[in-house]
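**Q** Annotated domain 'Fatty acid hydroxylase' per TrEMBL: 119-250, in sequence order. If you look up TrEMBL, you'll see 172-193, 334-354, 366-384 marked as transmembrane segment. For 336-423, the entry in TrEMBL reads domain 'Alkylglycerol monooxygenase C-terminal'.
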Amino acid sequence: MGSGAGGPRETAPGQQLRALFYALPPGESSFRTVEEVPDYVEKSIPFFIAFIGLEFAVSWAQKRKLAGRINDGISSLSLGILSRLPDVLFRSIDLISYIYIWNNYRLFELPWDSPWTWYLTFLGVDLAYYCFHRISHEVNILWAAHQVHHSSEDYNLFTALRQSVLQKYTSWIFNLPMALFIPPSVFAVHLQFNLLYQFWIHTEVVTKLGPLEWILNTPSHHRVHHGRNPYCIDKNYGGTLIIWDRIFGTFEAEDAKVVYGLTHPANSFDPIMLQLRPLAHIWNTFWATPGFCNKLSVIFKGPGWGPGKPRLGLPEEIPVITGKEVPFNPSVPAYLNCYAVIHFAVIMDLYTGLLGSVTMLSQGTILLRIGFIILSLTSFGLLMENRPKADILEIIRCLVFVAVYKFGHLRSQFTSLGYAYEVRHLFLNFSADYPGFFLSS
């Protein structure tokens with residue numbers, strides 16, 4: 001989680017794997033200081049990749065079909081990268097705010113090495129997540145951020161990585177009561193474990209888990225949460241445990257086949273648009289709605305609210321599911337899919353390289369790399385949509401790459417990237433002769 005005296009403690013691969021399932025007991029995951037807490041999330045990246053590959057293999061064996069689509073998968077990964085870019089520049093606001101309250105306002109101090117503190121924090125972090133998650137669905141301005149995670153019309157492990165840039169700037173508030181008595185090092189562990197647990201439940205290849213369905217949030221329960229069927233709306237908010245939904249009346253068991261995504265699909269793979277369009281909608285609705293109180297309701301009531309309606313809107317206005325819904329899937333040539341996958345892999349490498357070398361880079365170089373990553377993710381999204389002029393933006397992106405690579409502002413762990421630099425020269429020459437190649441059918 002940070003670097004300090006002694007630095008973060010290393011974790012063995014077996015421990016890291018168990019961390020994904022919240023299966024590291026107190027004796028293996030209790031630390032005196034925040035600086036000693038491993039970055040479990042970053043160390044889980046190889047396991048994310050391995051499980052995604054396993055999910056695709058199992059899905060093919062079960063149904064003779066892949067678990068997702070290239071365009072939606074690239075979109076989910078792009079949103080995941082985008083959500084983590086602010087952490088390159090700033091320390092997590094969750095920890096900054098928590099440590100501040102702990103240092104200045106704590107009432108008493110529970111022992112960091114007590115199993116009772118560990119289990120109490122487990123329950124506290126999960127309850128705080130339930131509260132935040134529920135409010136994110138019931139308050140329009142918070143839903144504008146959270147809806148990014150629900151915008152995929154596929155449901156697979158890629159979807160788990162589909163995150164909002166803005167959500168983290170409100171979620172931290174719900175954890176602050178624990179800072180009055182729970183040490184930051186214990187909180188930092190459970191904050192990561194709660195997030196990691198929610199990765200593996202984003203899948204259709206796991207059906208039911210027997211008696212565990214009564215206590216844990218499982219793939220079956222979370223499929224309901226991601227559904228746009230009327231019976232799925234605003235249900236199953238739990239993170240690790242499903243008991244909060246059972247206690248507070250928001251539980252719903254999986255029944256009819258779940259259709260995933262938003263009730264009004266976003267129909268886009270552009271990561272910037274997916275992040276910002278809901279805010280633009282709130283802005284326009286705010287000014288178009290008469291009356292000061294109604295304007296405030298646009299912001300603070302549910303996304304389905306309108307004048308004269310209940311706080312969360314009318315259930316009968318939720319679009320009916322016919323079973324014939326077709327996901328947004330623009331037709332693009334096969335070679336364009338290959339192109340996008342290869343170039344996205346390069347950007348993934350640049351991103352992981354940035355995470356690993358951020359302390360050695362100047363602020364200007366960091367900002368330049370972040371800017372190039374955002375430009376690349378946007379270009380890929382527009383290419384996957386088969387948008388007009390997307391090929392022009394991609395040519396511009398390649399020109400930028402050549403320039404910043406030539407002057408040493410981009411470096412990659414790929415030893416072959418030097419060859420890619422030369423290939424891009426050929427690509428640019430080809431594009432100059434055939435500017436419409438990328439979007440031709």
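Cβ atoms here come from the backbone N, Cα and C positions, even for glycine.
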**Q** Find the average pLDDT over the domain 'Fatty acid hydroxylase' (119-250) in the predicted model and report it.
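**A** Within the domain 'Fatty acid hydroxylase' (119-250), the model's average pLDDT equals 97.
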**Q** Tally the residues of the domain 'Alkylglycerol monooxygenase C-terminal' (336-423) by DSSP class, grouping H, G and I as helix, E and B as strand, and everything else as coil.
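**A** DSSP classes over the domain 'Alkylglycerol monooxygenase C-terminal' (336-423) add up to 71 helix, 0 strand, 17 coil.
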**Q** Please list the DSSP helix, strand and coil residue counts for the domain 'Fatty acid hydroxylase' (119-250).
**A** 86 helix, 3 strand, 43 coil
